[in-house]
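Quick look at what TrEMBL annotates:
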| type | residues | note |
| --- | --- | --- |
| TRANSMEM | 6-27 | transmembrane segment |
| DOMAIN | 16-255 | domain 'G-protein coupled receptors family 1 profile' |
| TRANSMEM | 34-60 | transmembrane segment |
| TRANSMEM | 66-90 | transmembrane segment |
| TRANSMEM | 111-133 | transmembrane segment |
| TRANSMEM | 153-172 | transmembrane segment |
| TRANSMEM | 204-223 | transmembrane segment |
| TRANSMEM | 235-257 | transmembrane segment |
Amino acid sequence: PWDVVLCVSGTVISCENAVVVVVIFYTPAFRAPMFLLIGSLATAVPAGLGLILHFAFVYLVPWEALSLLTVGLLVTSFTASVCSLLAITIDRYLSLYNALTYYSERTVTRTYIMLVLTWGASVCYGLLPVMGWNCLKEPSACSVVKPLTKNHLLILSVSFFMVFGVMLQLYVQICRIVCRHAQQIAVQRHFLGSSHDVATRKGIATLAVILGTFASCWLPFAVYCLLGDSSSPALYTYATLLPATYNSMLNPLIYAFRNQEIQKVLWAVCCGCVSPTMPFRSRSP
C-alpha cells in the first residue's frame, strides 16, 4: 500500500509540475528571475517519474541494478527542489534588501549562477549511487533508503539541515525588513495602527506557512535518516518519506498557482479568454 501511495503521489507531482514548466517555458514574459527560479523548483517532474519507476522496477520489472537509476533520479530531483527553495528565499531577501537595484542585469546573472550551482550540486549528489557509492555489494553499509549508504544519506541530511538553517535565518531577516517597511509606510501615510498590524501579520503569516510547510514535510525524514539504519523497520522509512514527497506536490500550489501572472496564462489556456502572448508586468516577489 505504501508503494502504491508513493506511485500515485509521483503521478500527481509529475502532472502538477509539468504544467508549471510548460507555462513558464512557452510564455516569453516569464523570463524574469522570479519565474526562472519557480521553473527550477517545478522541475521536480523527475522526482515524480522516479517514484513511478520505483514502483515499476519493484513489482513489474524486478531488477536490483535499475534501483540505482531510480534512486539517483530521486536524489537529484529532491536535492534540486530543496536547493531551488533556498534560491527563491535568497531572491526574495535580496528583492527587499536591494529593492532599488533588484531589477538589473546583476540580478539576472546572479539567478543563472544560482541555477547552475543548484543543478550542478544536485546532479553530483544523484550520480554518487551510480558511480559506486551504494550498498548493493555490502548490505551492512545500507541506510534506511536502500541502496544508499549511511555516509551518503548522512551527507544529504546534514546538507538539508544547513539549507534549512540558512532559510530560517533569511526569513527572520525578511520579517524584520517587512515590519520596518510597513511601519515606515504607516507613519508616512498616517495609517491607523490596526491596519498596519493586520498587514504585517498577514505578511508574517505567509512566510510562516512557506517555512512551516517546508519544515513539516522534510524534517521528519531528515531526522530519521540520522537516527535510523538498515535494520530499522521499512514502515518508518515510508511514513517519513511520504510527507517529503508531498512537499513537491505542495510547492506548485504555494509558489506558482498563487501567482497572478501564471493564473492569467492558465485561464487563457483553459478558456481562451485571454491571449497567452499578452504582456505581463512582473511584480517583485
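In case you wondered, yes, glycine gets a Cβ from its N, Cα and C as well.
Contact between the transmembrane segment (235-257) and the transmembrane segment (66-90) is supported by 3 or more Cβ pairs under 8 Å, counting only residues 6 or more apart in sequence. For the transmembrane segment (153-172), same-chain residues at least 6 beyond its ends with a Cβ under 8 Å from one of its own Cβ atoms are 75, 79, 82-83, 85-86, 89-90, 92-93, 125, 143-145, 207, 210-211, 214-215, 218-219, 222-223, 225-226.
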